[in-house]
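Novice: Handing you this structure, nothing more for now.
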Amino acid sequence: MVANGYAADKPNEALQGVEVVVIPAGVPRNLRYVSSSLDSPSSQMTRDDLFNTNASIVYDLAAAIARNIPKPHILVISNSVNSTVPIVARTLEKAGTYDPTRLFGITTLDVVRASSFLSGIAGTDPAQTPVTVVGGHSGVMIVPCFLSLPQYGGDEVVQAKDGAGSATLSMAYAAAKFTNLLLRALKGEARIVTPTFVKSPLCAAQGIEFFSSAVELGPNGVAKIHDLGNITTPEQELVYAALPELKKNIEKGLAFVQ
Ligand SMILES: NC(=O)C1=CN([C@@H]2O[C@H](COP(=O)(O)OP(=O)(O)OC[C@H]3O[C@@H](n4cnc5c(N)ncnc54)[C@H](O)[C@@H]3O)[C@@H](O)[C@H]2O)C=CC1
Ligand SMILES: O=C([O-])CC(=O)C(=O)O
């Protein structure tokens with residue numbers, strides 16, 4: 001069963017069987033909402049500029065989930081995913097209910113975009129053109145492993161909307177896509193592999209607790225975290241270049257809960 005984050009603080013029988021909670025709550029990039037947090041109202045807003053508003057929204061929902069739903073899989077969409085996933089992790093940890101194999105940051109939109117860009121060039125069907133996207137869900141941290149170029153699809157949507165919003169509808173599509181994959185895996189379907197932002201050992205040596213890479217989903221959530229495989233040297237360099245900012249985003253989320 002899929003529930004919206006809104007339902008999480010209303011304990012009732014309907015919540016008893018909840019297995020999957022999707023958290024899309026919070027403000028999107030929109031200069032009208034958060035321009036006061038920017039140096040200049042006309043400057044480009046990043047996902048990190050949403051932190052002040054979204055951190056407490058996500059924290060409240062995570063705390064409510066911890067109180068009311070015993071063993072949920074939690075899928076976080078609210079930006080910045082790089083910080084909101086750590087916020088959920090630490091909140092559940094404090095409540096004693098954290099299971100890292102059941103917490104996911106949804107980075108599926110990065111995959112959808114990369115597949116769409118690649119199939120546009122190759123003349124293929126985007127649904128049959130999977131691309132592994134690694135790193136995090138913001139700016140230089142979105143590294144699709146096919147072009148050796150970082151991906152700014154989300155920033156381009158924000159620019160095209162001239163600061164009046166972000167990719168709401170394609171986010172809904174990406175969330176549905178990821179949620180369906182997880183539900184199929186929970187029901188026992190094998191070999192479901194997709195990129196997602198999870199607690200990961202891949203960059204633990206660099207002090208980075210969460211990372212997006214190809215993850216095999218299983219009946220209990222994360223079944224196996226794939227390593228970066230045969231990525232090219234330029235792609236590897238892009239990943240290394242993204243790590244300092246990703247580390248900062250993650251630490252900011254963790255510090256918020258501490
Ligand atoms: N991970 C991803 O790929 C993507 C993430 N996003 C992020 O998703 C979030 C939502 O974006 P949109 O749906 O476009 O925004 P929206 O403004 O259309 O919807 C946000 C919803 O959050 C609700 N909300 C606000 N405060 C709340 C609270 N305290 N408790 C519960 N609900 C609350 C609002 O009522 C509204 O329904 C934003 O943070 C955005 O940056 C957006 C696109 C893609
Ligand atoms: O860019 C944004 O603000 C929303 C988002 O995460 C995306 O479209 O990838």
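Heads up, the Cβ atoms here are built off N, Cα and C, so glycines get one too.
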Novice: Check TrEMBL for me: it has ARG47, ASN79, ARG113 binding substrate, so pick out which one of ARG29, ARG184, ARG191 it puts in that same site.
Specialist: ARG29
Novice: For the domain 'Lactate/malate dehydrogenase C-terminal' (151-257), how many residues does DSSP put in helix, in strand and in coil?
Specialist: 55 helix, 22 strand, 30 coil
Novice: Can you grab the distance from ARG29 (substrate binding site) over to SER78 (NAD(+) binding site)? Cα atoms, rounded to a whole Å.
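Specialist: Here the two Cα atoms are 11 Å apart.
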Novice: Please work out the number of neighbouring Cβ atoms within 10 Å of the Cβ of ILE77 (NAD(+) binding site), leaving out its own Cβ.
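Specialist: ILE77 (NAD(+) binding site) is surrounded by 25 other Cβ atoms within 10 Å.
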